């Protein structure tokens, strides 16, 4: 969602604030702004649109000051125009905010009755006026923050600077993440480690309910009970700095091409590739005591768990429930002690998924999280973490994090099967060898990049696309449809191939192509029958299959993307790549913003 940066420095901070905001662009935004304190006075510049517009304004109106805050806004309350951009200011303070204040209408009404006027449609302005009211009553800055905080319902992370105070910044967290960076006589606050990595190499993460007072003399963090607390200081790993596109046109293109390498790192963590065995997770989880797995996730991460369901059921004979996190958290389902709850999230900050994790913990259920950000809130709160090791992912549409989630889940399923006695030593060697081949095969698929771009030229003028898949290819079809609509803004829907005749076939005509994900596996013949139904109605088919599948298909109405022949087990990981390339090239041909699609955020930290 929104991105926050705050700097209490030794020199003019405006350019550094912009640099920090650029590192937060991947989160998605529609406006931006910065505010500084110079000689006790507050100054602010904001702009609608991309950061380049803010930079142009700053050239005309430079901001001085060694204390400042910055923000990239993703609209929730109020349209994406400059007046709604952060920071918001009053005569006493400037504030940036990530989150949603659920009772802002009630608070706004109260403040209006007291004579306060509102210039924006945002919920953030309510916080600004609440703190200002408290300051006018004679409270200190710290007391004003604490008093106002008690009135707020919802999720928020805020950073505040004050008129007349060149050496004070206060940050508070109730939900969305905040990190503090420690420099030499200067300090930083940011939404995540990526924002701070170019300034410092030591950070601490604020816990839920924390608030912090920053001066050039040091940082004091207070817990929810308002008592000083010590939070562990983490040294940033080198990969946090790797946010350059290199020779690639877009971050997404770079991240797709990084998949062979990052999956190699992932597999080395979970597999003994010298002996072709799974590294045991027994010190974390005793699979013999587990009778059911509960997955709760959102978006692309949810689709990874749909694939995993097949693996855990087939290999480990475990019952699996898959839930969309935003639905699960409001159902209050009964959960027993023999359940392992698993939460998948690239950022580890997804609000709905985090709420599900907390629900399961409160009910005494063992919790595991599969995340890409190992210092995230979910990683800290779960009983144990399975890192995906994908490295920083900047493109809003997930690519390498998704395939690393699949690889992690595949290794996890093999370990469960091995512990439960349903996986022979021979089968273990066989499946681990198959996983070890994934990086090499992905490199082969990447050689089809140019061919896939040519096929995508036929998609730029369509009015919609259907994706079909069966078995483990069904979740990949769902992910393909999601990727295409995220990036190209073409309406796309994914369906289980067997559901075609139960409604979607009514949409089939020459203007709506059907993309079929169908390796030559045990489901291929049935999927081929569905393809023939499409062809009989003059539908246009794009078939993603392997050499054997292409030989069998032989339909005149299709374009074919032919992948190497591969085992059924690893097919979902391999077939994820061509559906990513289809979405990417279609979006590029249409001229959309591939790395930052409209209305989307990388880290969804509010409901």
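Even glycines carry a Cβ here, placed using N, Cα and C.
In this structure, residue 2 (active site, nucleophile) belongs to neither helix nor strand by DSSP; it is coil. For residue 2 (active site, nucleophile), the same-chain residues that are 6 or more apart in sequence and have a Cβ closer than 8 Å to its Cβ are 27, 29, 71, 72, 73, 74, 86, 96, 97, 98, 99, 191. Residues annotated as active site, nucleophile in Swiss-Prot, with sequence analysis given as evidence: 2.
The active site, for Fru-6P isomerization activity annotation in Swiss-Prot covers 602 and rests on sequence analysis.
The annotation domain 'Glutamine amidotransferase type-2' is assigned in Swiss-Prot to 2-217 on the grounds of sequence analysis.
The feature domain 'SIS 1' is assigned by Swiss-Prot to 277-422, with sequence analysis given as support.
Residues or ranges marked as domain 'SIS 2' by Swiss-Prot: 455-597.
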Review point. Which whole number is the mean pLDDT over the domain 'SIS 1' (277-422)?
Key: 95
